[in-house]
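Visitor: My questions will all concern the structure given below.
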Amino acid sequence: MKKIKLGVILFSFFISLSTFAGAANPANGKAVKEGYEIGDKLPNIVAKSIAGNDIKLSSLEGKLVLVDFWASWCPPCRAENPRMVEAYDKFKNQNFKNGKGFTIYSFSLDTKQANWKAAVAKDKLSWDYHVSELKGWHSPTSNKFGIRSIPSNFLIDGDGIILAKNLRGEKLELILQYYQKK
Amino acid sequence: MSTFEIIGGKSLKGELTPQGAKNEALQILCATLLTPEKVTIHNIPNILDVNKLIELLSELGVNVSQESTNTYSFEAKNINLDYLNSPEFASKGSSLRGSIMIIGPLLARFGKGYIPRPGGDKIGRRRLDTHFLGFQKLGAKFNFNPNENFYRVEASELKGCYLLLDEASVTGTANIIMAAVMAKGTTTIYNAACEPYIQQLCKMLLSMGAKISGVGSNLLSIEGVSYLGGCEHRVLPDMIEIGSFIGLAVMTKSEITIKNVAYNELGMIPSAFKRLGVKMELRGDDIYIPRHENYEIETFIDGSILTVADAPWPGLTPDLLSVFLVVATQAKGSVLIHQKMFESRLFFTDKLIDMGAQIILCDPHRATVIGLNQSQGLRPTTMVSPDIRAGVALLIAALSADGKSTIHNIDQIDRGYENIDLRLNAIGASIKRISN
């Protein structure tokens, strides 16, 4: 059953990848379009961490990164967290075809620092990259990214190219497996 | 039938926050039927049609809870399909056009969807063929019994297919998307409506686990999945209300800031106002309208008279043409307003002519406005609101007219605009509601 699902996902990947193969290949030195669709380069994010430091998404270049939009007040997001923790632990030190290591860049649509911090601790989201503008749905970054529903996420490769979007449930792990260097 | 008594001619000043978009909310609410998990929707406008739909969902068995003023959560775990056969449903469903969009999700999840023939305001006939032709192509059987005025759609299994819609209907596209997200295989919808509220529905479904590509275009590809989960979703601000506020600011010579407008989703609404000579500034995600002493309508590049016409998205929305028309009455210059999509929405120009506007109603679809360039203001009058869009245009006209105007049948305005009197009074308008 898992194999069939993986097959379906891979198939849709090949279609999307082949469409963009020409345009979005930084190895060829060609310009890559910034955008929010598979094959585009995801625009950079700069936002404050819980401690108040700027964290740039671009600082994670080279790794596979799941850019996740969530909030402590979003039960469906919280329900996804155990799977993300599992995927992070399993894949953080793995090598991929298009990135060395895997991590998560969590952008929170919280408005209250305390709630955000508590949820990160409670759900044991152990990665270092937690940011927020503490403006809820009116956060400039999530607005710019067109985020109107959460959970929403983007998986990007070491060059920041979007490999997949909105990975929920087992899909995240299946796709990481696919890109893993064996 | 309630009435507004308006003392016009006052300049307003302050901030207005647009409500959530009704047309998006109606689709999004129906989509909560697609999952047994909890879905929370933020920024739901508190208006009659939306409240009626929430009530209908609750009677269908959806667990509804109001978490704050404009936030509700929905859990469609135990749906009572027998309710669809009840006389209560027949009477409630028929008074609400948005309820047609429960068919798609019900069909996707339970294999059947019934709906009484829905109502709505009288602005031209609206057909539902697009919905039902789509369902049929996905493999559903369709029955309409004219004696009982009930549509019944049933399918043991929906199968993905290629659909070329006969018109780019917004509710039709939404309904078919919701049916197709859990169909077997891939559905391709060409000539799909692509306006922001459809994009919003797609974003919500994507967050719930659906597979949709082509969002924002008129060619959608939907790969069916077997299950959708919960999510949190925020409804966009109502672009019609934003446009109405811009028109209001200009006509009443007011300085107004419209907050959190989601400017990127407004399409060509701002540029259409700019062509009428309206000045505005984008500040963050707010629109600031300075006081307008006068403004001049542009001409086409060759010097000929400007035409403002509606078209399916990304064209200009038909719902704002009445506002553009009112704004033009005090501009310098002339414009032809061409309402292509509906046939009886321009008859309200009679009232504006009574108020002193210079308008030639050419035919049911076209009106030429010769701007007065503020040489004389509109005169107060007594009028009846014929429909929601004209109602707002008349309200704007009345607010600009020196003296006391009366608008009857304002229930039509209430259907689209949450507490419009209170919100405008808060920034200096004088609107008195008289309930009968």
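Glycine residues also receive a Cβ, built from the backbone N, Cα and C atoms like all the rest.
Pulled from TrEMBL, these are the listed features:
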- B:Asp121: active site, proton donor (ACT_SITE)
- B:Lys22, B:Asn23: phosphoenolpyruvate binding site (BINDING)
- B:Arg97, B:Asp319, B:Met341: UDP-N-acetyl-alpha-D-glucosamine binding site (BINDING)
- B:8-420: domain 'Enolpyruvate transferase' (DOMAIN)
Visitor: Given a 10 Å Cβ-Cβ cut-off, pick out the one of the binding-site residues B:Lys22, B:Arg97 that has the most other Cβ atoms nearby.
Guide: B:Lys22
Visitor: I'm trying to understand the geometry here, so how far is the Cα atom of B:Met341 (UDP-N-acetyl-alpha-D-glucosamine binding site) from the Cα atom of B:Asn23 (phosphoenolpyruvate binding site), in Å to the nearest whole number?
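Guide: With distance taken Cα to Cα, B:Asn23 (phosphoenolpyruvate binding site) is 17 Å from B:Met341 (UDP-N-acetyl-alpha-D-glucosamine binding site).
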Visitor: Can you tell me how far the Cα of B:Lys22 (phosphoenolpyruvate binding site) sits from the Cα of B:Arg97 (UDP-N-acetyl-alpha-D-glucosamine binding site), in Å?
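Guide: Given the Cα positions, B:Lys22 (phosphoenolpyruvate binding site) is 12 Å from B:Arg97 (UDP-N-acetyl-alpha-D-glucosamine binding site).
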Visitor: In angstrom units, rounded to an integer, how far apart are the Cα atoms of B:Asn23 (phosphoenolpyruvate binding site) and B:Asp319 (UDP-N-acetyl-alpha-D-glucosamine binding site)?
Guide: 11
Visitor: Sequence gap of 6 or more, Cβ distance under 8 Å: name the residues on the same chain that satisfy this around B:Asp319 (UDP-N-acetyl-alpha-D-glucosamine binding site), in order along the sequence.
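Guide: When sequence neighbours closer than 6 are ignored, B:Asp319 (UDP-N-acetyl-alpha-D-glucosamine binding site) has B:Ile240, B:Arg389 within Cβ distance under 8 Å.
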Visitor: Summarise the model confidence on the domain 'Enolpyruvate transferase' (B:8-420) as a single mean pLDDT, whole number.
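Guide: Looking only at the domain 'Enolpyruvate transferase' (B:8-420), pLDDT averages out to 93.
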Visitor: Compute all pairwise C-alpha distances among B:Arg97, B:Asp319, B:Met341, the residues listed as binding UDP-N-acetyl-alpha-D-glucosamine, and give the largest one in whole angstrom.
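Guide: If we measure all Cα pairs in B:Arg97, B:Asp319, B:Met341, the largest is 18 Å.
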Visitor: Using DSSP and collapsing to three states, where does B:Asp319 (UDP-N-acetyl-alpha-D-glucosamine binding site) fall: helix, strand or coil?
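Guide: In the DSSP reduction, B:Asp319 (UDP-N-acetyl-alpha-D-glucosamine binding site) maps to helix.
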Visitor: In which DSSP state, out of helix, strand and coil, do we find B:Asn23 (phosphoenolpyruvate binding site)?
Guide: helix
Visitor: Quick one: give me the count of other CB atoms within 10 A of the CB of B:Asn23 (phosphoenolpyruvate binding site).
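Guide: Other Cβ atoms within 10 Å of B:Asn23 (phosphoenolpyruvate binding site): 25.
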Visitor: Count the other Cβ atoms sitting within 10 Å of the Cβ of B:Met341 (UDP-N-acetyl-alpha-D-glucosamine binding site), across every protein chain shown.
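Guide: Excluding its own Cβ, B:Met341 (UDP-N-acetyl-alpha-D-glucosamine binding site) sees 18 Cβ atoms within 10 Å.
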